[in-house]
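Below is one structure, written out as structure tokens; the observations come after it.
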Amino acid sequence: MTFVRNAWYVAALPEELSEKPLGRTILDTPLALYRQPDGVVAALLDICPHRFAPLSDGILVNGHLQCPYHGLEFDGGGQCVHNPHGNGARPASLNVRSFPVVERDALIWIWPGDPALADPGAIPDFGCRVDPAYRTVGGYGHVDCNYKLLVDNLMDLGHAQYVHRANAQTDAFDRLEREVIVGDGEIQALMKIPGGTPSVLMAKFLRGANTPVDAWNDIRWNKVSAMLNFIAVAPEGTPKEQSIHSRGTHILTPETEASCHYFFGSSRNFGIDDPEMDGVLRSWQAQALVKEDKVVVEAIERRRAYVEANGIRPAMLSCDEAAVRVSREIEKLEQLEAA
């Protein structure tokens, strides 16, 4: 499969990393991720150049990653710094590939492509995750589907009415107001739900209030698969800027052609010190992401080989505009790298 390699992807959450290496495959590339004694995260190819043992099974010795097989040691840049055998020679062939890493917004970003092109300024903004005006709860999930299926799912805001009916269904669905905005390296899908009864989830945000409300469900896409959702609610007629809202992290990183990593979070501007609201959002994440979206996209993945082998093309609905635009942008990025 063709992956877009010259881009920033999330490899891990900060709490996943310590001096014990984490092995994780990204874009069919095995990585060893670990935090060095100075706190800086290192990412090395998870293959020792000697006999190809996984370095993620090793340990840190004096700040260096030691291979579990023959004891070669590597610094965070991938250079072999110790060879315990023979005369201790360390030719260039003993060095291992390292990858650019940036820790930002409580996310570990990695650049799997040409290191010379790795510009930290191109990392999309997820500052709400560390903004003291917000409270963030989230986590990591593994999904057995091609990452593009989840991109389609997330950019299609209308699916919530059916897939997430237990929590997000609205009686104002027939009055939805939609807009798609295309910017420089960014696509937004905006949806307003005017004058409806609060959904089950929104009612929890409002502490059980049941008066007519306006609600919003927006999402922003940045290459290649980083999305920031905005769900909000306010009494009918209230400006969007005065709503209570949650900004949702939805970042997908391909693992293989048929699996991906899902980094998610909800950053809210209300009930910041309320552990009960933490529970509401964790329950929503477990239900919507694990029990609902995951089930749907994994079922589609199991049919993907048949669909592709038989040249079946998807029928289009009016709600597909944002997802289709994003799909085309990803195709352009793939073609650009392949050229």
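Any Cβ shown, glycine's included, is placed from N, Cα and C.
DSSP assigns CYS67 ([2Fe-2S] cluster binding site) to coil in the three-state reduction, outside any helix or strand. The Cβ neighbour count for CYS67 ([2Fe-2S] cluster binding site), using a 10 Å radius over every protein chain in view, is 22. According to Swiss-Prot, the [2Fe-2S] cluster binding site annotation covers CYS48, HIS50, CYS67, HIS70, on the basis of experimental evidence.
Under a cutoff of 8 A between CB atoms, and with a sequence separation of 6+ in the same chain, the neighbours of ASP293 (Fe cation binding site) are LEU150, ASN153, VAL163. Swiss-Prot lists HIS159, HIS164, ASP293 with the feature Fe cation binding site.
The 3,6-dichloro-2-methoxybenzoate binding site feature in Swiss-Prot is assigned to ASN229, HIS250, TRP284. Taking the Cβ of HIS250 (3,6-dichloro-2-methoxybenzoate binding site) as centre and 10 Å as the limit, one finds 24 other Cβ atoms among all the protein chains shown.
Mean pLDDT of the predicted structure over the domain 'Rieske' (8-110): 97. Among the features that Swiss-Prot reports, domain 'Rieske' is placed at 8-110, with the record citing sequence analysis.
Within 10 Å of the C-beta of CYS48 ([2Fe-2S] cluster binding site) we count 25 further C-beta atoms, all protein chains included.
The 10 Å shell around the Cβ of HIS159 (Fe cation binding site) contains 18 further Cβ atoms across the protein chains shown. For CYS67 ([2Fe-2S] cluster binding site), the nearest of the binding-site residues by C-alpha distance turns out to be HIS250; the candidates were HIS159, HIS164, ASN229, HIS250, TRP284. Long-range Cβ neighbours of HIS70 ([2Fe-2S] cluster binding site) (same chain, at least 6 residues apart, Cβ-Cβ under 8 Å): CYS48, HIS50, ARG51, ALA53, PRO84, HIS85. Residue density at ASN229 (3,6-dichloro-2-methoxybenzoate binding site): 19 other Cβ atoms are found within 10 A of its Cβ, drawing on all protein chains shown. HIS164 (Fe cation binding site) is surrounded by 20 other CB atoms, counting those within 10 A of its CB over all protein chains shown. Cα to Cα, ASN229 (3,6-dichloro-2-methoxybenzoate binding site) and HIS159 (Fe cation binding site) are separated by 14 Å.
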